[in-house]
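Swiss-Prot annotations:
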BINDING   19-28, 110, 137-138, 212, 250, 359  substrate binding site
ACT_SITE  174  active site
ACT_SITE  248  active site
ACT_SITE  365  active site, nucleophile
């Protein structure tokens, strides 16, 4: 059956700021307390979406979350009206305010893990929401992510959206950022590669930075998504690269159809994995980048592998890269050599995503890949599909509501909270989502 990959990109939220919340993500730590530009950030993402849609790659959007997220502060014991809570937290515990204001839901590669219908035992598209257990600011995301995905993939005859795994470290799940699918045509059965950083009773794990994904979580997600057990491989990421800042597998590897593009040090027991894939994926090709050409540290600094690898209609592939790759002499030299060689990657497209990149999120972080047949695509909420009208509407919406300068101190401004809620109210109508946010369901601005 004919199917296409649709990229669902996250819209950057109104409270996009640099707080250094993500230990193990070196860009996040390095840019802590810098001044952000939320309006520029959302527009950089929109430009990427529109350019790819115009080039013929199906593209859709996933909205941001409600931030600052007052219900989480109430859970932490802060009381009073929403405005009083903001004031108390800003004075007493500003780090909590930064955490509940994080715009991290924009990195929708962590929203869920997707199983196309061709791989599922019941023939439906499955999406299991990630619990993002390793970081408090990200663990807040799962309930609203689930509501958003149900509002987008609302036809239960075609789609199954599963709640996140229990919020315990044993089942830490980071979603599609630790998942690749390899195979031939998108509509044919593929091989799903789940990548984990740790498992119980396995002493091979990083020493400096946390391994966020457990094998136990990956196995549970594969079961929930009804992936045919004959089509699954579980592989461990190299703990040494996690300790160098590779906090998700999509910082060191990316796949598309029969191609796996990765660093030579990406996986533990990499030769064994490559041989497995060669046996199970027809026409499999591994493009392993030697450390002598691109070091792991340069790969992390430029997000070379946090790129999108997209299939063009002529059968060749386009590599979508952040501008940091072009700015790095060694990485850019390697890439130009790569596209000149005999392999499916024949072209590159560079985007300026510096607002997201400074928080540790490149092109691949910003998108969730969903393979859909034509019938399934028609069943997706049509209001989220990128086109000229939606691009124009979202830019006007961003101009109206987004600030062009934001610091951690600004998060306590009650006006920012009101601006955000008004913006999301408008957005849910624009995207035909219904009342997906807690503030819409309570019907009150103050608690």
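Each residue, glycine too, has its Cβ placed from N, Cα and C.
Of all the recorded positions in the list 110, 138, 248, the shortest Cα-Cα distance to the residue listed as 'active site, nucleophile' is found for 110.
Between the C-alpha atoms of residue 250 (substrate binding site) and residue 174 (active site), the distance comes to 11 Å. Around residue 248 (active site), the C-beta neighbours below 8 angstroms that are at least 6 residues distant in the chain are 109, 110, 174, 177, 178, 212, 213, 365. Annotation note: residue 248 (active site) sits in a coil segment as assigned by DSSP. DSSP gives residue 19 (substrate binding site) a coil state; it is part of no helix or strand.
Residue 21 (substrate binding site) counts 22 other C-beta atoms within 10 Å of its own C-beta, drawing on all protein chains shown. Its Cβ placed at the centre, residue 19 (substrate binding site) has 25 other Cβ atoms within 10 Å.
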